[in-house]
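A.B. asks: Sending over a structure as structure tokens; questions will come in a sec.
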Amino acid sequence: MMDLVLEEDVTVPGTLSGCSGLVPSVPDDLDGINPNAGLGNGLLPNVSEETVSPTRARNMKDFENQITELKKENFNLKLRIYFLEERMQQEFHGPTEHIYKTNIELKVEVESLKRELQEREQLLIKASKAVESLAEAGGSEIQRVKEDARKKVQQVEDLLTKRILLLEKDVTAAQAELEKAFAGTETEKALRLRLESKLSEMKKMHEGDLAMALVLDEKDRLIEELKLSLKSKEALIQCLKEEKSQMACPDENVSSGELRGLCAAPREEKERETEAAQMEHQKERNSFEERIQALEEDLREKEREIATEKKNSLKRDKAIQGLTMALKSKEKKVEELNSEIEKLSAAFAKAREALQKAQTQEFQGSEDYETALSGKEALSAALRSQNLTKSTENHRLRRSIKKITQELSDLQQERERLEKDLEEAHREKSKGDCTIRDLRNEVEKLRNEVNEREKAMENRYKSLLSESNKKLHNQEQVIKHLTESTNQKDVLLQKFNEKDLEVIQQNCYLMAAEDLELRSEGLITEKCSSQQPPGSKTIFSKEKKQSSDYEELIQVLKKEQDIYTHLVKSLQESDSINNLQAELNKIFALRKQLEQDVLSYQNLRKTLEEQISEIRRREEESFSLYSDQTSYLSICLEENNRFQVEHFSQEELKKKVSDLIQLVKELYTDNQHLKKTIFDLSCMGFQGNGFPDRLASTEQTELLASKEDEDTIKIGEDDEINFLSDQHLQQSNEIMKDLSKGGCKNGYLRHTESKISDCDGAHAPGCLEEGAFINLLAPLFNEKATLLLESRPDLLKVVRELLLGQLFLTEQEVSGEHLDGKTEKTPKQKGELVHFVQTNSFSKPHDELKLSCEAQLVKAGEVPKVGLKDASVQTVATEGDLLRFKHEATREAWEEKPINTALSAEHRPENLHGVPGWQAALLSLPGITNREAKKSRLPILIKPSRSLGNMYRLPATQEVVTQLQSQILELQGELKEFKTCNKQLHQKLILAEAVMEGRPTPDKTLLNAQPPVGAAYQDSPGEQKGIKTTSSVWRDKEMDSDQQRSYEIDSEICPPDDLASLPSCKENPEDVLSPTSVATYLSSKSQPSAKVSVMGTDQSESINTSNETEYLKQKIHDLETELEGYQNFIFQLQKHSQCSEAIITVLCGTEGAQDGLSKPKNGSDGEEMTFSSLHQVRYVKHVKILGPLAPEMIDSRVLENLKQQLEEQEYKLQKEQNLNMQLFSEIHNLQNKFRDLSPPRYDSLVQSQARELSLQRQQIKDGHGICVISRQHMNTMIKAFEELLQASDVDYCVAEGFQEQLNQCAELLEKLEKLFLNGKSVGVEMNTQNELMERIEEDNLTYQHLLPESPEPSASHALSDYETSEKSFFSRDQKQDNETEKTSVMVNSFSQDLLMEHIQEIRTLRKRLEESIKTNEKLRKQLERQGSEFVQGSTSIFASGSELHSSLTSEIHFLRKQNQALNAMLIKGSRDKQKENDKLRESLSRKTVSLEHLQREYASVKEENERLQKEGSEKERHNQQLIQEVRCSGQELSRVQEEVKLRQQLLSQNDKLLQSLRVELKAYEKLDEEHRRLREASGEGWKGQDPFRDLHSLLMEIQALRLQLERSIETSSTLQSRLKEQLARGAEKAQEGALTLAVQAVSIPEVPLQPDKHDGDKYPMESDNSFDLFDSSQAVTPKSVSETPPLSGNDTDSLSCDSGSSATSTPCVSRLVTGHHLWASKNGRHVLGLIEDYEALLKQISQGQRLLAEMDIQTQEAPSSTSQELGTKGPHPAPLSKFVSSVSTAKLTLEEAYRRLKLLWRVSLPEDGQCPLHCEQIGEMKAEVTKLHKKLFEQEKKLQNTMKLLQLSKRQEKVIFDQLVVTHKILRKARGNLELRPGGAHPGTCSPSRPGS
């Protein structure tokens, strides 16, 4: 087929298009395909018009040749069509079977997948049912909890109502105080005027005092001159005297006397005058000085008063300013209303005049003119009255509106108070939770202590047992020694016959007997008291009592040993036999009483053990039930931080179960919602043309509304697209702005609770919260992380706990750091503070969520008005822009109003009157509240306000501080004015750019609609007031957040009543540190880590506490967490640099053309805000580093801070002025350029590229700012760490490693900063710019490559349009970029190199655009030239008029028509095939999409199956662990019981030993009796050997008993050792069961009661062979009686435990009751056994009772028989032997009864749904797992079948497509063959259509 296509066909015309010679130089197409095929130009040869030359006429031969050629071509064409159809049929018949097979397989796979899906849904339904059944179990507990909660809520409501009443009273009092303050301001104004007048008078007085001082100086000078003149005159007088003395005159004496008199008189007068003048001058001078001092003091006082008055006047001025502002707003409203009234009156006057004119025209000719005038006057009066009434109604309505707004504000305040009370209740609840945790920890500690004590007691008991064994051994040796001594003393007894010694010894023994009686009585009482039942005490106290009883038993044994020594001594005398007999009777009675007490004690202990075991069993059953439920659910939910379930109580377990059930339900709903969203997305993927935009919008809206109903998501697609694209536009500009605010951190916690409640297209603020949260995380995380956080609330819980834990750590560190110069806190106060902070931090997030939701729903109505008022200057083009403004306004209002407005301005000074920091903050408030709302959203002056607040506490000079403060306020006012001016200029610039770029004019209706909205907003003063108050509160909170720590510390000095107000200030979320949100962490206002690190060093130097090491460890831990946060931040920055391009493309892709209109405004505003936020953050950091210095430096530092603030304010002013000048120049330039430019068309591709450039530049700037901040913070942290190392003893290696990590972080941050700043290294910015340049170059290269080859004129025109639009847009965009670059150079000190690179880039782009325009012009000219050549008239053709010629032409026309019809058929067939191909392609794409969907579902099903398998395995493992624990506890219980049994055996053995000793004593007593009888007889020697024989038999019996006792002790010790070995090995359950069966199978021999035929050798005893039964093969319990084989002789021998011959003993087989051995448990409350065993036991007990009664009778008859025997002096040994035999028979009966008792089993009967519950659960789980396996296998089969079917269908479609392609090529070839060769008939003529012509 390809040969037909590729071979050269002669019939094909030379030109590509139908026009001949349009493009002469274009080469032929390689494949021979005509680009204009199907257009109708080259399908038919126009022979009559094109092939014949116009100069030559056509003859008949030509016509005949033409006809024959046409016939041939027609025939060939038909043949080809026929063969083609046959070939197609053959090709289609071939591979159909394979296609059918694949189709069938695919169908099978689809069915299997459907089945699997159905089965999985059924499994999910089963799981939900199981969870609901579990939930029903805890229903009663939930109801109880609900009732308790209702009661608590009722109490809280009562409290809240009381507090509301109190607060209303406070409000009235505050209003009264306000009025008083208002009156006080007027009086203070008057006082200030008076003081100013007084000041002027004082100044005048001061000037008079200066004049007086000048006069005094002149007088002093005159006095000095007079003194000088006096001195000169005295010198003259002296000279005259000397001359006169030299003269010799007779009358010398007379003249000298006269001269002296004459000289003395004036001298004295002058001296007097001078002295008087001096005194006067001195007095005057003193008086003047005193007056000057008094005046100076008055001046100082006046100045002080003036300073205070200035301060007060400033405050009053501010208050007056606020009031005047309010009055101005009211006056404006009044003026507006007056203007409206005037307009209405003017309109009314005009209407009245019009009416009068009309009526005068009507009634000019009538006589009733005057009556009509009077009627009109009445009408006008009525209208006036109506107008008056309406105006009064308007006033009344305004008043009612004001009242309603006031009531609304009051209600909001009450709601906030209620929420505060709810927070307090939550805090109390969190306190209760903390106490519960503490109690749980204490319980665990107590358990550990109890276990340790049990171990200690076990060790003690073991030591006591070993000691008692040793003592028993010693006692046995002593007894043997005593028996030997008795034998020796029997011989010695015959020698002692002296009576005196007997009497003395008798007296001694009587005394000893009395003592022994007293002792035995004391022992009995002690024994009885010690053996009283312990009652309902714990096991621990019982074990203590057992140990004490054991010690008392040992003491009793010692005392009895002493008694036996006394008895041995007493045997030396023969006369003391009677006394010994009496004593033995008493001892026997005491022994009997003791045995009874021992039996009662054992019974009581058994009952107590049974009760305790029953209680434990019940607890373990309920405990295991709840623990199974909780562990199953916790395994299913994969909870990370769960406690061990074993330590929970029942209430906690029930609570846990209910919580987990709730979680499961929520997860199930989430799963359903996600399924819905996936299905909707898959459905929406095929709708409309805007597929990617809609997909992105629907994904985000449905993921935001994943937990909402379906009704709330029915929002218009256009609104969604506009909103989301605007969100994307604002995203990059709002990142830093959102990061610099603390409220955005709460968005992390709030966004899960937000709701989309507006169904008309305008979303509620909750959606914006989530949008803000996604914007926060957008630079750091990719989109999947945010979606995962939204869909998983448990992850959010974990993050919130981490954040709260970090907050708790930082607050714990910060608490107490401002106490350097104050008194130290006591540890108790510290603990209270820490607990207080903890409760606040625990209770905060939940309440904040509620506050955020409610507050924003309340504010939803008023906020869009604010946004429209703010944006009233801008041009709004479309409805989408209006929506964007709405949402922007809501976002800004949300940022401006803090959601947790816990600090109200009214209650702060009342609650915190003792805290100086609060007062300072409130004093400095009015300076900040004057800032305007738009720019004050960036908290620029937070730290200055803090320094002002601190100023009032420090002893700085008041004058300097007030001056600096006034200067700061002036600068703030100027800055505010400049900012408003700057914003107006920005708006003008944006308008000019919009007009220059040819934007559409804004809708007049929208522009006209804005002022009424503003007016409506102004009509509601309550709302405006609410906004103002919230903004001021926000500013207060911004200022107070930095002083939080000092307030916390000062609050501890205050009384505890003030502490209740502290939670409101602690609810500031800005102290939260999180390593996951590092960007928020860096740009947050309060950087606690730096303050902690610097202030912590001061604290470590000044405060030396006991827990210094813990403090240092805590600091190191905090530094490590901070380092981790920085490392995460660097990693996220790197990740962000990689993801930035993708994010930008997504942003540009979702943007529409109308959204691009508002971009420059947003961009400029965002840049301004980010730059100012960066500067603010740097300044905040600087002040925070300077903050925590030593107290000596604070005075100077405050002044320095204020000066620095002044400098920064001046710098900002200068910067604003420069920006304003620059903007003026830019506006002027734009207005000049606007005249020359016309609005051209723009292309979206160029816009997106320019937008990418601006966004990347903005991101580079933002990244540079973040790097600067983080580097500064890292440097401060390194310094703080060095100071900490110097101040404390930290491990050197750890500190060095930590310091190296810090240095590495700092170096990395410096590198990043250089990279962002310079851009010379291979950084993010250069990469993005280079990629952009390469992309543009590639586009231009392809364009230039396509220029010579473009065949159509439309393409060149489009390209020229594109190039011109590109040029015009780039010129505009580069101007914008130049402007943004200039602003960035001014604000952020960007590098000059980067600017030059941008300018160079712009120049190159302009050059290339100019070149492209030139090439477009050339192409246009060429096309015009070709068009002119094309329009040439075709030459006329000669027509012949012959009939032959006409017939030939008609035949030619007929053939031509036939040809055309055939061609049309071919074209139609090709079109049909094309349509079929398109349909097949569409069906194939649908099938591929469905296949992908099925594959995804299959993968999800597979994952779910794997998860279920994992959960099943984990549950099985957990069950095995529980079984193992139960087994271990059972082993422990069995071990304890075995020990108890061993101790009981030891006690019984001790009793037996005592009994044997008493029997020996009785024997010795009998011997004494016999000796006495013989002595009393006539001395004939020994008569008869019967008593001695009896004694001999008795002794033999005693020895046999002793041997038996020793063997029993040995067997018990071996049993104990083997039990310990078995328990130590931890053998399996079968072996343990075998051991218990074997232990129960060991039985005491069943001996028939034959008291007369007893022998010592035939006495039954336990042998060591009894422990051969521990073979596990023999210990298998038989299942039924029929299956138990009869025992052989060997078995009976091995089971019988007789040491002698087994003739008298019957075999004892361990019998299990049929079918009920599974119920056997050691904690059972029931006994199970055979009725034969029970009857035999009853028989043995009755026999024992009868024997005991006989023995009682014998003991009562014993003393009387002794007296009779003394009288008769005859031997009567019969009663003694009878008593001994009865004792042995009683012993045998007791042993037999004990053996019978062992044959009964303790069982726990199966209750309904209790016994096989666990097994049934495991069985159900296994069945479910197997079902799941089967379903999964079937689904996999289905999927495979569907895959095969789809592959088959793909192959079919491919085959069809290939066939169609082949047919298309054949048809094209056929068409070429049908065309004529004009050069064949006339080789001489040359066709103009050939390329050679």
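Glycine too: its Cβ is placed from the backbone N, Cα and C atoms.
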A.B. asks: Of the ranges 51-94, 579-622, 667-710, 1239-1282, which one does Swiss-Prot list as region 'CM1 motif'?
C.D. replies: 51-94
A.B. asks: If you check Swiss-Prot for phosphothreonine, which of Thr826, Thr1001 comes up?
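C.D. replies: Per Swiss-Prot, phosphothreonine applies to Thr1001.
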A.B. asks: Which of the listed positions, Ser463, Ser1490, Ser1705, does Swiss-Prot note as phosphoserine?
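C.D. replies: Looking at Swiss-Prot, the phosphoserine feature maps to Ser1490.
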A.B. asks: Which residue does Swiss-Prot record as phosphoserine, given the choices Ser1020, Ser1238, Ser1887?
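C.D. replies: Swiss-Prot annotates phosphoserine at Ser1238; the rest carry no such entry.
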A.B. asks: Hey, does DSSP put Ser1490 (phosphoserine) in a helix, a strand, or just coil?
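C.D. replies: For Ser1490 (phosphoserine) - judged by DSSP and reduced to three states - the answer is helix.
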A.B. asks: What is the three-state DSSP composition of the region 'Disordered' (1500-1521), stated as helix, strand and coil residue counts?
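C.D. replies: Summed by class, the stretch gives 22 helix, 0 strand, 0 coil.
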A.B. asks: Mean pLDDT across the region 'Interaction with PCNT and AKAP9' (1726-1893), rounded to an integer, is what?
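C.D. replies: So the average pLDDT across the region 'Interaction with PCNT and AKAP9' (1726-1893) works out to 75.
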A.B. asks: If you run through the region 'Interaction with NCKAP5L' (58-196) with DSSP, how many residues end up as helix, strand and coil?
C.D. replies: 134 helix, 0 strand, 5 coil
A.B. asks: Measuring Cα to Cα, how many Å separate Ser1490 (phosphoserine) from Ser547 (phosphoserine)?
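C.D. replies: Roughly 80 Å, rounded to the nearest whole number.
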A.B. asks: Could you tally the C-beta atoms, other than its own, that fall within 10 angstroms of the C-beta of Ser1490 (phosphoserine)?
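C.D. replies: The Cβ of Ser1490 (phosphoserine) has 14 Cβ neighbours within 10 Å.
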A.B. asks: Sequence gap of 6 or more, Cβ distance under 8 Å: name the residues on the same chain that satisfy this around Ser547 (phosphoserine), in order along the sequence.
C.D. replies: Met457, Arg460, Tyr461, Leu464
